[in-house]
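Record features, source Swiss-Prot:
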{"type": "BINDING", "residues": "H83, H182", "note": "heme b b562 binding site"}
{"type": "BINDING", "residues": "H97, H196", "note": "heme b b566 binding site"}
{"type": "BINDING", "residues": "H201", "note": "ubiquinone binding site"}
{"type": "TRANSMEM", "residues": "33-53", "note": "transmembrane segment"}
{"type": "TRANSMEM", "residues": "77-98", "note": "transmembrane segment"}
{"type": "TRANSMEM", "residues": "113-133", "note": "transmembrane segment"}
{"type": "TRANSMEM", "residues": "178-198", "note": "transmembrane segment"}
{"type": "TRANSMEM", "residues": "226-246", "note": "transmembrane segment"}
{"type": "TRANSMEM", "residues": "288-308", "note": "transmembrane segment"}
{"type": "TRANSMEM", "residues": "320-340", "note": "transmembrane segment"}
{"type": "TRANSMEM", "residues": "347-367", "note": "transmembrane segment"}
Amino acid sequence: MTNIRKTHPLMKIVNSSFIDLPAPSNISSWWNFGSLLGICLIIQILTGLFLAMHYTSDTMTAFSSVTHICRDVNYGWLIRYLHANGASMFFICLFLHVGRGLYYGSYMFMETWNIGVLLLFAVMATAFMGYVLPWGQMSFWGATVITNLLSAIPYIGTDLVEWIWGGFSVDKATLTRFFAFHFILPFIIAALAGVHLLFLHETGSNNPSGLSSDSDKIPFHPYYTIKDILGILILILALSSLVLFSPDLLGDPDNYIPANPLNTPPHIKPEWYFLFAYAILRSIPNKLGGVLALVFSILVLALMPFLHTSKQRSMMFRPISQCLFWVLVADLLTLTWIGGQPVEHPFVIIGQLASILYFSLILILMPLASLMENNLLKW
């Protein structure tokens with residue numbers, strides 16, 4: 001008798017995706033982040049659902065409802081901090097997942113990569129809107145500053161901003177619609193993640209060497225299921241430690257002050273995972289130029305397959321490209337630091353130099369290094 005997992009219409013899909021899936025025998029722990037992102041998404045949807053049961057999306061009661069969740073709801077503090085810090089873990093996994101893709105040339109799977117870029121935008125949009133919901137000072141002013149950037153769009157900008165606000169300022173209508181979008185987007189992200197996997201399984205996984213692994217495949221279960229479970233346990237340990245020992249480590253103290261449109265905080269800044277993009281935005285004195293640089297700082301990822309000039313896929317055997325890759329990582333860390341600093345000397349010039357270096361590395365230096373490596377190998 002044939003096994004039910006190979007005959008049942010639903011089980012067949014699960015079987016071909018997670019059990020009998022042929023996987024390269026040499027994929028390292030850098031390939032764990034896909035499953036970790038899936039777990040992060042599940043954690044966020046579940047904790048978010050329980051938070052939504054007690055949250056009210058009204059300007060008068062939003063802040064109080066979050067306080068009520070933390071003080072009066074059974075384990076409400078745990079759910080709230082799991083959700084807030086779960087977002088940080090989500091972005092850590094995202095950045096490492098994208099970094100892995102850049103290093104090992106995974107972007108050569110065009111469809112999978114482009115869906116991934118779309119997913120990155122969707123997660124960033126969701127996180128931004130979620131940050132507005134507690135209706136603290138940083139929530140309100142963050143929403144005001146970031147939505148205001150759309151007014152830089154020629155001709156339609158002002159109308160567009162007022163349309164998004166649902167009025168002439170960030171107010172009740174804005175909060176209600178942000179809550180609605182924040183609730184629906186994770187389900188869209190889950191659907192996109194399904195498409196992401198669908199395209200990945202069309203080609204099979206890449207591997208550290210960047211060479212074809214068709215001649216050496218192993219079943220996903222038990223080898224990579226066990227490996228994924230280890231990764232998940234480490235993720236849960238890290239998240240639990242953060243939530244139970246220092247839940248406010250990555251948050252902003254200003255968000256414990258209720259939103260006040262009449263009082264601007266001294267330093268308006270987003271959550272840590274947006275600081276690199278915020279630094280790029282601030283480093284250009286022109287409003288429209290800054291907005292374009294901000295969007296392009298993420299959108300440039302979609303150009304990666306076209307900027308690939310090397311004859312090898314992975315950076316595993318390309319020392320010059322490796323050096324530039326790690327310079328890019330250091331540059332992004334510098335931008336993240338600058339994004340959290342006030343707009344004054346010397347931070348302004350450091351931010352501008354780091355922004356120039358960011359785009360130079362991706363658009364010019366790395367493709368040139370690849371060409372140079374091709375010549376060194378005399379191919």
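Note: Cβ is positioned from N, Cα and C throughout, glycine not excepted.
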CB contact flag for the transmembrane segment (33-53) and the transmembrane segment (288-308), at least three pairs under 8 A: no
Proximity verdict for the transmembrane segment (320-340) and the transmembrane segment (347-367), three or more C-beta pairs under 8 Å: yes
Non-local residues, at least 6 beyond the ends, that sit with Cβ under 8 Å of the transmembrane segment (178-198): 17, 37-38, 41, 44-45, 48, 52, 55, 57, 112, 115-116, 118-119, 122-123, 125-126, 129-130, 132-133, 143
For the transmembrane segment (347-367), sequence-distant contacts whose Cβ falls under 8 Å of one of its Cβ atoms, 6 or more beyond its ends: 279-280, 282-284, 293, 296-297, 300, 303-304, 307-309, 321, 324-325, 327-328, 331-332, 334-335, 338-339, 341
Chain residues outside the transmembrane segment (226-246) and at least six past its termini with a C-beta under 8 angstroms from it: 29, 32-33, 35-36, 39-40, 43, 78, 81-82, 85-86, 88-89, 93
Spatial neighbour of H97 (heme b b566 binding site) that is closest, considering only the binding-site residues H83, H182, H201 and their CA atoms: H201
C-beta crowding around the residue listed as 'ubiquinone binding site', within 10 angstroms: 14
H182 (heme b b562 binding site) and H196 (heme b b566 binding site), Cα-Cα, nearest whole angstrom: 21
Which same-chain residues, if any, lie at least 6 apart from H182 (heme b b562 binding site) yet have Cβ under 8 Å of it: G48, T126, M129, G130, L133
H83 (heme b b562 binding site) versus the residue listed as 'ubiquinone binding site' - Cα distance in angstrom: 30
Three-state secondary structure, H97 (heme b b566 binding site) (per DSSP): helix
Distant-in-sequence Cβ neighbours of H83 (heme b b562 binding site), under 8 Å, six or more positions away: Q44, T47, G48, L51
Mapped DSSP class for the residue listed as 'ubiquinone binding site', helix or strand or coil: helix
